[in-house]
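For GLU343, the entry in Swiss-Prot reads active site, proton donor, with the evidence type sequence analysis. The active site feature in Swiss-Prot is assigned to HIS374, LYS513.
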Amino acid sequence: MSASWVRGDRTAAWADLSAHFAASAANFDLRTAFAGDARRFERFGVEAPHLFADLSKNWLDAPALALLLRLAREVGLEGRRDAMLAGAPLNNTEGRAVLHTALRAPRDAAPHGSEVHATLDAMLAFAERVRDTAHSGITDVVNIGIGGSDLGPQMAVPALQAYTQAGLRSHFVSNLDGHELAPLLTQLDPQSTLFIIASKTFTTQETMANAETAKAWFLARGGRDIARHFVATTTNVDAAVAFGIDTAFGFWDWVGGRYSLWSAIGLPVAIALGATHFRALLGGAHAMDRHFATAPLERNLPVLLGLLDVWYRNFHGLTSRSVAPYHQGLRRLPAYLQQLEMESNGKCVDRDGEPLPFATSPVVWGEPGTNAQHAYFQMLHQGSDVIPVEFIAVRDTSHAHLDLPPALQPLLAEQQRKLLANCLAQSQALMAGKSEAQALAERAPTAAADMPRDVLARHRSFPGNRPSTTLLLERLDPATLGALIAMYEHRVFTSGAVWGINSFDQWGVELGKAMCSELLPRLTTGDASGLDGSTVGLLRKLGTP
């Protein structure tokens, strides 16, 4: 590791954070913090492009924050950030630059601007031709991809449903399991369907299996002109041509899969939204890039959230974080963040290959509110593990794009108020809790006749002091979504930089792939030689499918 890029645990700030935690932070109480600081909300509120973050309900005081910011400086975070934006090969295990930010920068504001914008212009022109359904004849667009070639577009299209074109339906197929693709095919007309085969290498097993099946269906149903109904987004254009595809939009090896929404992989988003809205998505992301690059660390939202992740993971020992978007359009955001965060930072060695003596990525999971409240919030409030929660709320929503009777508008507006009230109430309840004395003083609901009131009160009490962050979006539009996703990308970069890891490779995906290639023929031959006892037993149980 470069002498200017120090691993976090080797800094003086890390040692001082450990001492501060032992001395006082381990017993930090949010209720006491708010009682002692009438301006805590203002002190820990952060404005960033298109969103506001309330960090005040986190286990964070001024000394801890100062030490975390010192930690960022001692590991050389600003230098690493600037190196990434300039195109340095930060992905050191693959010798590649990390330049997803260049995909959303103005033409002359980042490396590779000319080629990026040439590809973008061509892709958006194609998207507009598809959207002209009177001439294209396309009514259904099916994106076939997996991982970074699926999760970003699959998250973005429903999030921006209000900006999509009526009469043009988007579908996403990722799973190797035919139960995802097969039922969809029964609903499609080959002459009005466009398939997008999204694979960086054009060799991904799941994607190519689904692509071959889609192609066979197209031909079996009398489909003609594969080149007009299949398009590829890939770095391997030759393989796409061999498949029978004439139209392919490329991208570059300095674009990681989970950072590729902004590239040609975003084609299904561009078709759904149109060129103007897709450029707004890029513009929102670029605004967050500039915030990350220029805002002081003390007011830099991605930096603060990344440092908070380190604080909780390495000093408080918390193992996971729950994401609860209070907007149904963001229902796929938790799944998107799972790949972005855990594939990036789920590493056990540093950039030099040295084993890490501390934990890295937390488990990231979640569901939309209020559904989540009726699923796992019981554990968040009363469970034995403390799990920080990230609430995402959208102030203004509209259903004007839908053909609904005007009489529904006040009812839907009231539903939105109730939704926001639920979001705020959950973060308040996690912090405030309810003591046994409070529970005992309340009129209790009907309980077992032989249960003493004090025992019931223990069941009905809440420990409180459970941390949360609330992200407030003015509205869910393309620019706001772009800023939100870019913020999460830079947050991942920040925590990865402190941990001294390469956040841009994913070797953990490869071993299972290799073993699958070895096992696949054995499912037919039954050959179990050289395998472990468990795998032998499972092969025998499966027989020959």
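Glycine too: its Cβ is placed from the backbone N, Cα and C atoms.
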Point to revise | HIS374 (active site) to LYS513 (active site) - Cα separation in whole Å | key: 37
**Study point:** Integer Å distance between the CA atoms belonging to LYS513 (active site) and the residue listed as 'active site, proton donor'
**Key:** 15
Exercise for review: Count the other Cβ atoms sitting within 10 Å of the Cβ of LYS513 (active site), across every protein chain shown.
Suggested key: 10
Revision key, fill the gap. Across all protein chains shown, the one of the active-site residues GLU343, HIS374 with the most other Cβ atoms within 10 Å of its Cβ is GLU343
